[in-house]
Structure formats: structure tokens, C-alpha cells
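Peer 1: So TrEMBL has the following annotated:
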ACT_SITE  H437  active site, proton acceptor
BINDING   K52, D303  FAD binding site
BINDING   G175, G176, G177, Y178, I179, A180, V181, E182, G262  NAD(+) binding site
DISULFID  C43-C48  disulfide bond
DOMAIN    7-318  domain 'FAD/NAD(P)-binding'
DOMAIN    339-447  domain 'Pyridine nucleotide-disulphide oxidoreductase dimerisation'
Amino acid sequence: MSQYDVDLFVIGAGSGGVRAARTAAGKGVRVAIAEDRYLGGTCVNVGCVPKKLYSYAAHFHDAFEDSQGFGWHFDSAPRFEWSVLRDNKKAEISRLNGIYEKLLINSGVELIQGRAEIVDEHTVTINGRHVSAERILIATGGTPWMPEFEGREHVLSSDQIFDLPTFPKRFLVMGGGYIAVEFASIFNGLGAQTHLAYRGPLFLRGFDHELRDFIRDEMIKKGVDLHFESTITRVEKQDGAYQVALSNGETLEVDAILGATGRRPRFEGLGLENVDVEREFDGKLKIDDRYQTSVPSILALGDIIEGPELTPVALEEAMRLVELHYGSGSAEPIDYDSVATAVFCHPNMGTVGLTEEQAREQCESIRVYTTDFKPMRHTLSGSDERCLMKLVVDDSTDRVLGAHMVGEEAGELIQGLAIAVRARLTKRDFDATIGVHPTSAEEFVTLRSVTRT
């Protein structure tokens, strides 16, 4: 008989935590999982899922206009109702929460509602109950972070923005990461006069610079007011609106403000001070190649360790962790360099592999192939939206190091290219592939002229 109440205690029922709990339970492991907010974590409740639903909603604004070039006419202008979108979203999230609960229960996992606190390397306390575990897995995810400034209490986080009681006609986003850019596109598409303020000279730092420039220009064309090299210094509430002072001297009057300036690991109340767990320089937990922290019985995965903060990454880490500790004892390392990602701005961005800037740092010589064109759909729609596609190639090996796109459904298209990049395919392989016509995607296999070296 085991000396512990459970074999594995998981703290956090987000994507990674639930996957680890279910997979381990399927191998006969005695598992308990604790969650103090909502099942499914950030992605299901206040992240990927509702964001994508709202992004779909925002696309209809352009779709209604574009349809007129194809013969569609409306007797009156289409009207957007925020409450319908918001409430339908709530119903869908509630459905998904129920699915997560059933998956855990049907897997034999003990689900405990409440905030778990680590007491020592083998014990947690939750709702006044002490539970001993051979291993403790921390999968608490991240939480929004904002800098200090006067009137910060008037600024909403991404956790709050989906459920506003009324739709803001004037909207300001503070930040320059993918969350900020996506929400600026969403609220602009839904009809708000939208501003984005960012402290740097250009948003989406870390992505390919050419794509960042392209998205900036496309967002400006769609009517988003961009305020680069500026931050919020003060927010005052006046007559039901907000007066926002920016560091560049501008003053904006808006109805709602979103602070999307970054995320931090969600460690509050976790009890890390009770165990000697080492941290990385940015506060995340330091782990080895088996997801063990400096306290071997305490494991960690997802947004609280170094690596891409993406749901599919957390899912893969969970499966690998379980295989290492409760399966064969070995598992292929995750290829983080070939993880594709998408930014659901309008138009979308999809990217995988090295940016041009990274490739120039790592390779002796490269070739860059690009194409910038009006998609076929817009030859009749009247829209001036354009599409950008790009391949980055190692000149010495001909290997495709990176593939990048800005355009409609870029997020869908980039998944297939991720297979090619991970498989280390060459430009010659791309050239030998016959395209699907007429599509935008075929441009990736018909790029022949080198744009620059």
C-alpha cells in the first residue's frame, strides 16, 4: 500500500493540467486535480476559444461589404448586437467546461474545487484538507500583468474584456504583443473607433520584421489608430467616459481600455515559499528534461516554465511528462523550434521556424523569397487588403528555415507548412510540389525569384 494519498496531485485544470491528469489516470495512476477558477484554464475561458469566436464575429464586418462586389445587396445596413455575441459565447464556454469535467471524472481523476497550496515537497492543502502525493504537478498557467500608473483601476485585463455589459464605441488597447494586436483588430472589426498605444516603435516584437511592417500597414488601412512610442501615464473617469493621457502628449477619450502588456506565472497563494524551488531570471520555474524542478517530487509544465506559451505546447508537454514518469521512461524531446503559431489579427498572421533576422544571425548566407499580392477574392470585393508570403532558406543546404504569411486564414495554412519545416524539407522540395489552383496557398510552391540574399 502506498504511503501517499495519491500518486500525482495536479494543481491547475487548464489544458496542460487536464491532459496530464487524464493521461496518467489512463495508465493506472491515482490522480487528483485542483482548480479554483474554471475548468479548461485560460485558453477555454478567457483566451484562445472566446478570442477566436470574437475574431470570427469581427470578420463579418468586412464580409458584408465584400459581398456587394459579388452581387449581394442588403435592404438595410447589418447591425451588430454585442449582447448576442457575449451571451452565445458564455453558453459555449459553459458547454466546454462541462466536457472537461466529464472527461476528468470518466478518467477516474478526483476533481477538487479550490485553491491548492503546497505545504511541503509531498503535501498540499486544499479547503482545509491535507493531501499527500508522491509527485505534485504545478500547471497553474499565467495571469495578466500591467504596469503601475495613475488610474490603472479603470483599465481592464484580457480576463475581463469578453464580458463587458455594453459595447464600447471608442476603445483603447495598451500593449504591443499578439493579444493587444488581436483585440485591436477584433474591436475595430466590430465597429469601435479603436486605438492601440505601444511603448516601442513597432508592435509584435519577436516576429519577422517584414510581417510586422505589413500588419501595421493593413491595420492602418482598416482604420485602427496606432500610437507607437507612447504609453498611458494617466486615466481619469469623466462623465461616463475615460480621459487617457499618453506619454507622447496626446489625450484620448474612450469608453473602455484594455491593458494587454504581458502575462506572468500565476503563483499567488501557491505556497512556493514553503519549498526551495529554483526560478529562472524571469520568475518562471526552472526544470530539467523530465519536467522536475529543483525539488524532484515537484513537476511543472506550460506557461510557468520557459518555452512558447501556447496551448498545444502545454498539451504535448503533459503527454511527454506522463510518458517519462509513468510510461516507458523515455520520450522524444519536443522540437520547440518548429512550433507554428498564428496571430488572429485582421488579416491573420501565420509563422513557423526562423524569422529572417534570426536566420541572418545563425547562418552564413540565406535566400529570402517573398510575394505580396491582392488575393483573388478581392478582385471583385473592392477591398484593398493584400497578402504577404515569405520563405527563408539556408543558402548552403537549401533547407527551408522559416515560412511566414499574412493573409486570410494564415493560421489554418501555416499548420501544413510546419510539417515541412520540421521535416527539414528543402526549397527544391517546395519547387517540386504542384500547387492547388486557384489558391493563395499555391504561392508557397511557386516562389522562384530570390527577393534578397
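Cβ atoms here come from the backbone N, Cα and C positions, even for glycine.
Note: TrEMBL annotation is automatic and uncurated.
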Peer 1: If you compare CA-to-CA distances from V181 (NAD(+) binding site) to each of the recorded positions K52, D303, H437, which comes out shortest?
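Peer 2: Closest recorded candidate to V181 (NAD(+) binding site) by Cα: K52.
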Peer 1: On average, what pLDDT score does this prediction assign to the domain 'Pyridine nucleotide-disulphide oxidoreductase dimerisation' (339-447)?
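Peer 2: Within the domain 'Pyridine nucleotide-disulphide oxidoreductase dimerisation' (339-447), the model's average pLDDT equals 98.
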Peer 1: What is the one among the recorded positions K52, H437 whose Cβ has the most other Cβ atoms less than or equal to 10 Å away?
Peer 2: K52
Peer 1: What are the DSSP helix/strand/coil residue counts across the domain 'Pyridine nucleotide-disulphide oxidoreductase dimerisation' (339-447)?
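Peer 2: In the domain 'Pyridine nucleotide-disulphide oxidoreductase dimerisation' (339-447), the DSSP-based counts are 34 helix, 33 strand, 42 coil.
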Peer 1: Measure from the CA atom of D303 (FAD binding site) to the CA atom of I179 (NAD(+) binding site) and give the result in Å, rounded to a whole number.
Peer 2: 15
Peer 1: Under 8 Å Cβ to Cβ from G262 (NAD(+) binding site), same chain, six or more residues apart: give me those in sequence order, or none if nothing qualifies.
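Peer 2: P144, W145, G175, G177 - these are the non-local Cβ neighbours of G262 (NAD(+) binding site), listed in sequence order.
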Peer 1: Starting from the NAD(+) site formed by G175, G176, G177, Y178, I179, A180, V181, E182, G262, give every other residue of that chain whose CB sits within 8 Å of the mean position of their CB atoms, in sequence order.
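Peer 2: Along the chain, the qualifying residues are V173, F183, F203, L204, A260.
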Peer 1: At its widest, how many Å does the recorded NAD(+) site span between Cα atoms of G175, G176, G177, Y178, I179, A180, V181, E182, G262?
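Peer 2: Site span for NAD(+), by Cα atoms: 14 Å.
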Peer 1: At the Cα level, what's the spacing in Å between K52 (FAD binding site) and C43 (disulfide bond), rounded?
Peer 2: 10
Peer 1: My understanding is the cutoff is Cβ-Cβ under 8 Å with a sequence separation of 6 or more in the same chain; which residues meet that for C48 (disulfide bond)?
Peer 2: T42, T311
Peer 1: By the DSSP assignment reduced to helix, strand and coil, which category contains G177 (NAD(+) binding site)?
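Peer 2: Once the DSSP labels are grouped into three classes, G177 (NAD(+) binding site) ends up as coil.
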Peer 1: Could you list the residues of the same chain, at least six apart in sequence, whose Cβ is under 8 A from the Cβ of D303 (FAD binding site)?
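Peer 2: Non-local contacts for D303 (FAD binding site): T42, G141, G142, R263, P265, E309, A314.
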Peer 1: Comparing the binding-site residues G175, G177, which residue's C-beta has the most other C-beta atoms within 10 angstroms in this structure?
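Peer 2: When each Cβ's neighbours within 10 Å are tallied, G175 leads.
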